[in-house]
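Comments concern the structure below.
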């Protein structure tokens, strides 16, 4: 037996170590919602929602209002039949971060109940992954300084935020390269460019002899045609992030041949759609990376186990807990920067 | 720990209760290969391969020759990390029934080791499914007599084999209808028709006021364009079976908008590709049925747990053990015809 007795939401607030600046958005802190699923035998499972208004249209006060609704949906259901619970909670597509946290808390409770870690329930494909670290938007000097520190800390994959100023971004990219040669780069415009600006960016970087491993979400969220334009005119692989939330959106991107990479984030898709996206993208012979919103160690724990279990990802952009001030580490994984492992 | 110590193949032969006749093929018996995975702690997992030369290009003597190869591939691997074993055994795409049996035996051993049934490892979506029963090709009188018996035994879904003689098939369909009104029909041409013949068949049946729930594989295995032609000219849902073996083939069918249904058989796809196909087809908003080759209860056990775990299938065409003479029931499920349950 493993029937759900209650689901509780708890608001947790975390400050960023330093302000996090991406296209048209600066964050100083984040409010995440811890989801606690308790079974009738006392077993407890944990999840965390890190909401995004920009990507998911989510606001914390609205999400908190779903606590009772979620209880009505799944109390009494058995976590051993987790796909039944996934099917019910798939209706929460208007609050995908809550869907993710509830679905993961269910898996976590199932895991505790049977004594098998979540990553092995999902297939145990890996035991160790490497996370990148992100340089947010700033002056060229700030970005170069960040790059130096990231290399010093042992990271070999650097994510670079661009998208607010094309000319500065090109200069910044070249300056960062000078202090981080040998690193791999994921460049993320967070919807900031037009298709033509995006192609200019990659063309200039290519001419400078710099390699970009993934060029993320160059254009607007709903511009699938724009993504396709960039993909077909870019020497570097192009990824959808904001454009790839549900499995249905990803199926359309596959059919349109619009991208080379999908960036899965559990906060956009939940566990159920994320599992589907893994299988679809591999069957389409495209590639996967795994990202995060502003999860603490409790939330990134979900992505670490998902990544280890499925083994599906070329790149893991799971640096948010490294950027937040946390009083207690809550992950069921170990950290040896840049590695997460079990 | 659950490390694989050995993999053994064992040839089992089963007679059909009566000869099984489909397009251009009559079977009197089947030779299946039992796969036994033993772990270093003594736990044992079982699978069964039911090879198909017609669909998979497989021959039993060649498959038996893979025993040592499979041992070299996976001995020493831990069943708790089953996706690692799936990735390695995906290389056995030339012997998909062996791939299926080995992958399932691994899941079965994992299941025994942790005390959680396979259907719950896969999600526990259902606890009960209904199987159809198949009328093979024969005279119209034989087919009508078979239909009567099937209805008497309590089946509500009847699978009807057609594809050798269009005019006789149309007459047989109408005659069967008269003795089985209220039943649902899956009609399977096993590649026997041309596209134009297939459209004539469904047009005539539609005009006769008979409903077909799924019209399976009307045209040749490699004729995706033909499938698409039938689908776009049929009032009934059209399924791919022989044309839908790997996840890559299914992705092409989805992109081409060639069918309404996919018939998954573990013997064509293994567990790994079958899991992918489930997710892809649902994301494409198409439908799924689950079929079998000539598995005994040991082999259909695999499909029962897969169907219960994923809960993905509208129809379950899992009647083969009901058609074979078996001295011992080997399923980890219960039978109350037409239901299989846990």
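Cβ coordinates come from backbone N, Cα and C, glycine included.
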(request) Given that TrEMBL annotates A:188, A:241 as Mg(2+)-binding, name the residue from A:164, A:167, A:216 that shares the site. (result) A:216
(request) Write out how many residues of the domain 'Mandelate racemase/muconate lactonizing enzyme C-terminal' (A:140-237) are helix, how many strand and how many coil, based on DSSP. (result) 49 helix, 13 strand, 36 coil
(request) Report, in whole Å, the straight Cα-to-Cα distance of residue A:188 (Mg(2+) binding site) from residue A:265 (active site, proton acceptor). (result) 14
(request) Starting from the Mg(2+) site formed by A:188, A:216, A:241, give every other residue of that chain whose CB sits within 8 Å of the mean position of their CB atoms, in sequence order. (result) A:186, A:187, A:189, A:190, A:214, A:215, A:217, A:239, A:242, A:263, A:291
(request) Using C-alpha positions only, work out which of the binding-site residues A:188, A:216, A:241 is nearest to residue A:161 (active site, proton acceptor). (result) A:188
(request) For residue A:241 (Mg(2+) binding site), write down the residues of its own chain that are at least 6 apart in sequence and whose Cβ falls under 8 Å from its Cβ; none is a fine answer. (result) A:188, A:190, A:216, A:217, A:263, A:265, A:291
(message) Can you work out the mean pLDDT of the predicted model over the domain 'Mandelate racemase/muconate lactonizing enzyme C-terminal' (A:140-237)?
(response) 98
